[in-house]
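So that we are looking at the same thing, I have put the structure below in structure tokens.
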Amino acid sequence: MAPPGRRECAFPSRRFPGLLLAALVLLLSSFSDACEEPPTFEAMELIGKPKPYYDIGERVDYKCKKGYFYIPPLATHTICDRNHTWLPVSDDACYRETCPYIGDPLNGQAILANGTYEFGYQIHFICNEGYYLIGNEILYCELKGSVAIWGGKPPICEKVLCTPPPKIKNGKHTFSEVEVFEYLDAVTYSCDPAPGPDPFSLIGESTIYCGDNSVWSHAAPECKVVKCRFPVVENGKQISGFGKKFYYKATVMFECDKGFYLNGSNTIVCDSNSTWDPPVPKCLKGYPKPEEGILDSLDDWVIALIVIAIVVGVAVICAVLYGYLQRRKKKGNADGGAEYATYQTKSTTPAEQRG
């Protein structure tokens, strides 16, 4: 019986650990008969807040996420089974929202980057040859609220057209009366007759065409008199390209007389500046200098580096060879001493050995 003035505890301290253990066992047994949180999916989400555990037979429902829509009759719910797992369920019932269909632009193509119109993907546009794109080359399928829409207007393909090519001084081009040229339309330039004794030469491309981006393929050529001076090489002779006058792109070849060598190129061409390119060569007396050797073409520091490497290599080889000879010499001395001792032993008489 408790002493007077002291209340007796309703739950003796000895019984409290036992009651706590029993409650824990009861709680664990209730968890063992339950399912953990239900599975998560990319296309659908749980309706309501998840709980830490669910009773056997308890059902949870899902709904399609934003940007997805439901297509029956596939189930969007699951039930906690007797084996404490959730019955199989998938988000195949939820489909991505899709953007409106976009066909090929006139004179072009629309290419689905991922083969689908679903949001998050893109579509590319290209134009046929002879047309160019006006607008966005790529459109993205985006969500606006819960609706999928394209992020811009589809482009259009316009025909490549060129303005007339430039007119040139002392010349003309074909189709000069045409005001608009289409893709790959070509014109050819020619020079007018010259008023003097020397003709005009056409410098540049004679034919140009309307190309991509409505730009002509080459700059317009020019017509002017190009005449190079008569090339003379002392102690040499011309062997091809003979003529009294040398106009644009005239080509001449030379060779030197016996006992002389050519200093320069043996072939020269009259360029657009009325000069020979390369310059007219010279024939010098004697014979050409021999071509420089390998060492002549190297810098001084490279040659020094090669010499140092050779010296170091020779030193290493000599050191290895010296060490090898020294070991052979020591081994020979040791073998000679042993043979001499054996010879001495064999040459002594029995009496000497006993003495």
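Note: Cβ is positioned from N, Cα and C throughout, glycine not excepted.
For Cys99-Cys141, Cys127-Cys157, Cys162-Cys210, Cys191-Cys223, Cys228-Cys270, Cys256-Cys283, the entry in Swiss-Prot reads disulfide bond, with the evidence type sequence analysis. The domain 'Sushi 1' feature in Swiss-Prot is assigned to 35-96. Taken from Swiss-Prot, the feature domain 'Sushi 4' covers 226-285, and the record attributes it to sequence analysis. Among the features that Swiss-Prot reports, topological domain 'Extracellular' is placed at 35-300, with the record citing sequence analysis. Under the heading topological domain 'Cytoplasmic', Swiss-Prot lists 322-355.
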State which of the following disulfide-bonded residues has the fewest other Cβ atoms within 10 Å around its Cβ: Cys141, Cys191.
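Each of the disulfide-bonded residues Cys141, Cys191 was scored by Cβ atoms within 10 Å; lowest is Cys191.
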Same-chain residues six or more away whose CB lies under 8 A from the CB of Cys283 (disulfide bond)?
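Val233, Glu234, Asn235, Gly236, Phe254, Cys256, Asp257, Phe260, Tyr261, Leu262, Asn263 - these are the non-local Cβ neighbours of Cys283 (disulfide bond), listed in sequence order.
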If you run the three-state DSSP split on Cys99 (disulfide bond), which class comes out?
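SS state of Cys99 (disulfide bond) = coil.
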If you draw a 10 Å sphere on the Cβ of Cys223 (disulfide bond), how many other Cβ atoms land inside?
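Around Cys223 (disulfide bond), other Cβ atoms within 10 Å: 21.
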Considering Cα atoms only, can you say which of Cys99, Cys191, Cys210, Cys228, Cys270 is the nearest neighbour of Cys157 (disulfide bond) among these disulfide-bonded residues?
Cys210
What's the CA-CA gap between Cys191 (disulfide bond) and Cys228 (disulfide bond) in angstrom, rounded?
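Roughly 19 Å, rounded to the nearest whole number.
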Quick one: give me the count of other CB atoms within 10 A of the CB of Cys162 (disulfide bond).
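Cys162 (disulfide bond): 22 neighbouring Cβ atoms within 10 Å.
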Just name the winner among Cys99, Cys270 (the disulfide-bonded residues) by count of other CB atoms within 10 A of its CB.
Cys270
For Cys99 (disulfide bond) and Cys127 (disulfide bond), what Cα-Cα distance in Å is obtained after rounding to a whole number?
22
